[in-house]
Amino acid sequence: MQKVALVTGAGQGIGKAIALRLVKDGFAVAIADYNDATATAVAAEINQAGGRAVAIKVDVSRRDQVFAAVEQARKALGGFNVIVNNAGIAPSTPIESITEEIVDRVYNINVKGVIWGMQAAVEAFKKEGHGGKIVNACSQAGHVGNPELAVYSSSKFAVRGLTQTAARDLAPLGITVNGFCPGIVKTPMWAEIDRQCRKRRANRWATARLNLPNASPLAACRSLKTSPPACRSSPARIPTI
């Protein structure tokens, strides 16, 4: 039976690259994104190439929508085995410019979105009668704070902690939980960060070069062990690329 994965934020960038990699590895994939048009385009690209995918519009900050998206994927694709909680935002926020609105928006998407995704996946795994795999997008910014990204960095520190804790909580259920930590990747999100910062502080970043999105699926799909043998443990690995 074909395995099923749902990837949030899969309409572009790293999320799209992960979805394409999963399809290459034999998965049917739910392309979940806030932007319905980009999700539909990615799903169409996969289906036209002989893969199997569905597009699902979802606002990951809304718990009810995340649960509905996972259930839709489970029914449409005939099962549920993996969720990749990849969706996130990274507004430029120097300390003195942080507002309550920015904090709420970033944490609602980057942190709550991961929590809702993990909860929805656990529910789906239980319905399917087996364990499964949860993969959360962390970041190098979740290890070392980066200038002008205080709120984003702190949200990724939170995701890192959630991932390590969930790995221990869910291991008895046969559910593995891991994270992957990309550095600066050439994606639309990074282009927006760069636009906001105007490169004026580029020399302060820990990583100077831009990685390509196709590097991240290797961390998300290989280092995080989405293959069957990984069911024996839940190491909460958080590789940095």
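Glycine too: its Cβ is placed from the backbone N, Cα and C atoms.
According to Swiss-Prot:
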- 6-30: NAD(+) binding site (BINDING)
- S139: substrate binding site (BINDING)
- Y152: active site, proton acceptor (ACT_SITE)
- K156: active site (ACT_SITE)
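Features per Swiss-Prot, on structure.
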residue : record                       : DSSP (3 states)
L6      : NAD(+) binding site          : strand
I14     : NAD(+) binding site          : helix
L22     : NAD(+) binding site          : helix
A30     : NAD(+) binding site          : strand
S139    : substrate binding site       : coil
Y152    : active site, proton acceptor : helix
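The CA atom of the residue listed as 'active site' is located 6 Å away from the CA atom of S139 (substrate binding site). I14 (NAD(+) binding site) sits 12 Å from S139 (substrate binding site), taking the CA atoms of both as reference points. By the criterion of other Cβ atoms within 10 Å of the residue's own Cβ, the least surrounded of the binding-site residues L6, I18 is I18. Cα-Cα distance from the residue listed as 'active site, proton acceptor' to A10 (NAD(+) binding site): 19 Å (rounded to the nearest whole number).
Across the fold, the C-alpha of S139 (substrate binding site) and the C-alpha of I18 (NAD(+) binding site) stand 15 Å from each other. The Cβ of L22 (NAD(+) binding site) has 27 neighbouring Cβ atoms from other residues within 10 Å, across all protein chains displayed.
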